[in-house]
Amino acid sequence: CAMDWQVLTRELSLYLESQVRVGLFGSGVGLSLVLGFGVAYACYYLSSIAKKPQLVASNDRFCRFLEEYCPVVTETYYPTIWCWEGRVQTLLRPFITSRPQVQYRNELIKTADGGQISLDWFDNNDSLYHPDTSTRPTVLLLPGLTGTSKESYILHMIHQSKTLGYRCVVFNNRGIAGEDLLTPRTYCAANTEDLEYVIHHIHSLHPSAPFMAAGVSMGGMLLLNYLGKTGRDTPLMAAAIFSAGWNVFESIASLEKPLNWLLFNYYLTTCLQSSISRHRQMLEKLCDIDLVMKARTIREFDKRFTSVMFGYRTVDDYYEDASPCRKLKSVGIPVLCLNSVDDVFSPAHAIPVETAKQNANIAFVLTSCGGHIGFLEGIWPRKCTYMDRVFKQFVQAMFEHGNKIFSM
């Protein structure tokens, strides 16, 4: 192979030198260097960057089901050739990817404690494949830590669902989608009460409709904690999880490394503080908001605010309860989990691969690149990411062929 590349390089160099005037580099040395570097980079990319994902599942039938109906999980993932590094993918995705137009119908539902939750519905009433609203498949979408229905990755999931004829509902956590906070309570990754209420609310409206959920980042953690708590006792038939943080202690430790703190930790902390500041009058009944505003890391924010709000003795107690790796064995429905091993929010060593092998309902898809909710591919990755393709194929596989998992 090395000899083939050398021959190719030499022949291309001779051809280009005969066709192009190279100016100062009349000998063709400059052109040869550029060409040689390009070939070397291509070799490195194809041998070390572009790889098939690792599919991990203890259930052979689940694996065969995914290979047949969700083949993207077995195909080589080719990250964008000029930005494959995890941090770069994470930072660039919000700016590079397009934002499909989505017309929502907003619903505010009241909770038992007097609060309210904002749901954004994409009804897809023009669906050709599922014109009957009572049986139209429904996907519940859970955004990340400070995300809402306006996030580009949510809009892309809805766009993918639209082409399949499905209905989507976005669960916006309390107080972050523009609605008023009626009680001194927000949200966290460990408390699943609001999610349980939302799931049963949606199911009660469309009891005959097949029902799935997909969670991204903290939304995925919340969904996993719910599934670990409920087991088989849920209206959901399956779930997809993207870039979840599996062990909060390890995620926080990674985000506190100097470069990661500079790129991600501090910014997310200020986003959390901004959402708190908007509801200051309501929340100052519960804790010292001035002290919360002085936090410079997510750990400090959780210590001064989140753990206090939800009654944890220490922030470590909260992190222990919020870590989905502790509840993975109890999940009772098929779940596909996509993670990149270069995700600084969820370090590779903290992904519970061995635990997953003990539950026949769990399948992991692990890519070598992709960062956190990145998974960019193509020369100019605006329209579709690898994550989008996994989402589309998996929800379609479950809605249309899910009954075959246990018969293969």
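Note that Cβ sites are derived from N, Cα and C of the backbone, with glycine treated the same way.
The annotation active site, charge relay system is assigned in TrEMBL to SER217 (among others). Around the Cβ of SER217 (active site, charge relay system), 26 further Cβ atoms fall within 10 Å across all displayed protein chains.
The active site, charge relay system annotation in TrEMBL covers ASP343 (among others). Non-local neighbourhood of ASP343 (active site, charge relay system): GLY86, THR90, SER243, GLY370, GLY371, HIS372, each in the same chain, at least six residues away, with C-beta under 8 Å from its C-beta.
The active site, charge relay system feature in TrEMBL is assigned to HIS372 (among others).
What TrEMBL lists as domain 'AB hydrolase-1' is 137-378.
Among the features that TrEMBL reports, transmembrane segment is placed at 22-46.
Counted within 10 Å of its Cβ, the other Cβ atoms near HIS372 (active site, charge relay system) come to 25, all protein chains included.
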